[in-house]
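Undergrad: Before we start, here is the structure in question, set down as C-alpha coordinates.
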Amino acid sequence: MADSLTEEQVSEFKEAFSLFDKDGDGQITTKELGTVMRSLGQNPSESELQDMINEVDADNNGTIDFPEFLTMMARKMKDTDSEEEIREAFKVFDRDNNGFISAAELRHVMTSIGEKLTDDEVDEMIREADQDGDGRIDYNEFVQLMMQK
(Lines of atoms letter the chains of each structure in order from A and count residues from 1; the text may use other names and numbers.)
(Lines give C-alpha, C1' and ligand atoms only; values in the text may rest on other atoms or scores of the structure.)
Protein backbone atom coordinates (compact mmCIF):
# COMPACT_ATOMS: atom_id res chain seq x y z
CA MET A 1 0.00 0.00 0.00
CA ALA A 2 2.83 2.40 0.85
CA ASP A 3 4.16 1.83 -2.68
CA SER A 4 1.22 3.80 -4.07
CA LEU A 5 2.65 7.00 -2.55
CA THR A 6 4.57 9.52 -4.65
CA GLU A 7 8.18 10.41 -3.82
CA GLU A 8 6.97 13.82 -2.66
CA GLN A 9 4.46 12.24 -0.27
CA VAL A 10 7.10 9.87 1.11
CA SER A 11 9.43 12.80 1.74
CA GLU A 12 6.63 14.82 3.43
CA PHE A 13 5.85 11.82 5.63
CA LYS A 14 9.55 11.43 6.46
CA GLU A 15 9.49 15.03 7.71
CA ALA A 16 6.34 14.38 9.74
CA PHE A 17 7.88 11.19 11.14
CA SER A 18 10.91 13.19 12.28
CA LEU A 19 8.62 15.59 14.17
CA PHE A 20 7.11 12.63 16.05
CA ASP A 21 10.46 10.89 16.59
CA LYS A 22 11.75 13.45 19.13
CA ASP A 23 14.94 11.58 20.07
CA GLY A 24 15.78 10.62 16.46
CA ASP A 25 16.12 6.89 17.14
CA GLY A 26 13.91 5.89 14.19
CA GLN A 27 11.04 4.77 16.44
CA ILE A 28 7.90 6.58 17.61
CA THR A 29 6.95 5.66 21.19
CA THR A 30 3.60 6.25 22.92
CA LYS A 31 5.25 9.14 24.79
CA GLU A 32 6.42 10.79 21.55
CA LEU A 33 3.06 10.18 19.88
CA GLY A 34 1.29 11.73 22.89
CA THR A 35 3.50 14.83 22.79
CA VAL A 36 2.71 15.47 19.13
CA MET A 37 -1.01 14.70 19.50
CA ARG A 38 -1.26 17.13 22.43
CA SER A 39 0.55 19.81 20.43
CA LEU A 40 -2.19 19.35 17.80
CA GLY A 41 -4.89 19.97 20.41
CA GLN A 42 -5.79 16.29 20.97
CA ASN A 43 -5.78 14.70 24.40
CA PRO A 44 -5.48 10.92 23.99
CA SER A 45 -5.26 8.64 27.04
CA GLU A 46 -2.28 6.32 27.49
CA SER A 47 -4.38 3.34 26.37
CA GLU A 48 -5.63 5.22 23.27
CA LEU A 49 -2.01 6.00 22.37
CA GLN A 50 -1.08 2.34 22.84
CA ASP A 51 -4.04 1.30 20.64
CA MET A 52 -2.91 3.72 17.92
CA ILE A 53 0.58 2.28 17.98
CA ASN A 54 -0.67 -1.32 18.10
CA GLU A 55 -2.82 -0.68 15.02
CA VAL A 56 0.24 -0.13 12.83
CA ASP A 57 2.99 -1.87 14.81
CA ALA A 58 3.55 -4.73 12.33
CA ASP A 59 6.54 -6.24 14.16
CA ASN A 60 4.88 -5.88 17.60
CA ASN A 61 7.86 -4.17 19.22
CA GLY A 62 5.70 -1.48 20.86
CA THR A 63 6.86 1.39 18.66
CA ILE A 64 6.27 2.65 15.11
CA ASP A 65 9.17 2.67 12.66
CA PHE A 66 9.15 4.59 9.37
CA PRO A 67 7.82 1.76 7.12
CA GLU A 68 4.96 1.19 9.60
CA PHE A 69 4.29 4.95 9.66
CA LEU A 70 4.16 5.02 5.84
CA THR A 71 1.66 2.16 5.77
CA MET A 72 -0.52 4.00 8.29
CA MET A 73 -0.41 7.25 6.28
CA ALA A 74 -1.18 5.47 3.00
CA ARG A 75 -4.20 3.84 4.66
CA LYS A 76 -5.41 7.18 6.05
CA MET A 77 -5.11 8.81 2.63
CA LYS A 78 -7.13 6.03 1.02
CA ASP A 79 -9.85 6.45 3.67
CA THR A 80 -9.91 10.22 3.15
CA ASP A 81 -10.38 9.78 -0.60
CA SER A 82 -13.39 7.54 -0.15
CA GLU A 83 -14.89 9.88 2.49
CA GLU A 84 -14.56 12.79 0.08
CA GLU A 85 -16.11 10.74 -2.74
CA ILE A 86 -19.07 9.79 -0.54
CA ARG A 87 -19.58 13.44 0.46
CA GLU A 88 -19.56 14.48 -3.22
CA ALA A 89 -22.00 11.69 -4.13
CA PHE A 90 -24.36 12.79 -1.34
CA LYS A 91 -24.33 16.36 -2.74
CA VAL A 92 -25.42 15.03 -6.15
CA PHE A 93 -28.52 13.44 -4.61
CA ASP A 94 -29.27 16.22 -2.09
CA ARG A 95 -30.33 18.69 -4.78
CA ASP A 96 -31.78 21.34 -2.45
CA ASN A 97 -28.80 21.11 -0.03
CA ASN A 98 -30.99 20.58 3.03
CA GLY A 99 -28.90 17.66 4.31
CA PHE A 100 -31.42 15.00 3.30
CA ILE A 101 -32.20 12.91 0.23
CA SER A 102 -35.97 12.82 -0.37
CA ALA A 103 -37.83 10.31 -2.52
CA ALA A 104 -38.29 13.04 -5.17
CA GLU A 105 -34.54 13.82 -5.22
CA LEU A 106 -33.68 10.13 -5.45
CA ARG A 107 -36.17 9.62 -8.29
CA HIS A 108 -34.82 12.68 -10.15
CA VAL A 109 -31.18 11.51 -9.99
CA MET A 110 -32.05 7.91 -10.88
CA THR A 111 -34.13 9.11 -13.86
CA SER A 112 -31.34 11.43 -15.03
CA ILE A 113 -28.93 8.48 -15.17
CA GLY A 114 -31.44 6.42 -17.14
CA GLU A 115 -32.94 4.38 -14.28
CA LYS A 116 -36.71 4.55 -14.62
CA LEU A 117 -38.08 3.50 -11.24
CA THR A 118 -41.65 3.13 -10.05
CA ASP A 119 -42.75 5.06 -6.96
CA ASP A 120 -42.75 1.76 -5.07
CA GLU A 121 -39.13 1.04 -6.08
CA VAL A 122 -38.01 4.53 -4.99
CA ASP A 123 -39.89 4.18 -1.69
CA GLU A 124 -38.28 0.77 -1.14
CA MET A 125 -34.79 2.24 -1.73
CA ILE A 126 -35.50 5.01 0.77
CA ARG A 127 -36.88 2.49 3.31
CA GLU A 128 -33.76 0.32 3.03
CA ALA A 129 -31.44 3.21 3.89
CA ASP A 130 -33.74 5.20 6.21
CA GLN A 131 -32.72 4.01 9.68
CA ASP A 132 -34.57 6.62 11.75
CA GLY A 133 -37.83 6.18 9.82
CA ASP A 134 -38.29 9.84 8.86
CA GLY A 135 -38.89 8.98 5.19
CA ARG A 136 -35.66 10.46 3.89
CA ILE A 137 -31.94 9.65 3.90
CA ASP A 138 -29.58 11.82 5.95
CA TYR A 139 -25.81 11.93 5.43
CA ASN A 140 -25.01 9.30 8.09
CA GLU A 141 -27.56 6.88 6.63
CA PHE A 142 -26.06 7.51 3.17
CA VAL A 143 -22.53 6.78 4.46
CA GLN A 144 -23.74 3.51 6.03
CA LEU A 145 -25.40 2.55 2.76
CA MET A 146 -22.23 3.31 0.76
CA MET A 147 -19.97 1.43 3.17
CA GLN A 148 -22.07 -1.74 2.74
CA LYS A 149 -21.29 -1.84 -0.98
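Here the Cβ of each residue, glycine as well, is placed from N, Cα and C on the backbone.
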Undergrad: Check Swiss-Prot: it lists ASP94, ASP96, ASN98 as binding Ca(2+) 3. Then name which of GLU85, GLU105 it lists for that same site.
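TA: My reading of Swiss-Prot gives GLU105 as the candidate in that site.
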Undergrad: Other than ASP130, ASP132, ASP134, ARG136, GLU141, which residues of the same chain sit close to Ca(2+) 4? List them in sequence order, counting a residue when its Cβ is within 8 Å of the Cβ centroid of the site.
TA: PHE100, ILE126, ALA129, GLN131, GLY133, GLY135, ILE137, ASP138
Undergrad: List the helix, strand and coil residue totals of the domain 'EF-hand 2' (44-79) as derived from DSSP.
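TA: Reading the DSSP string over the domain 'EF-hand 2' (44-79) gives 25 helix, 1 strand, 10 coil.
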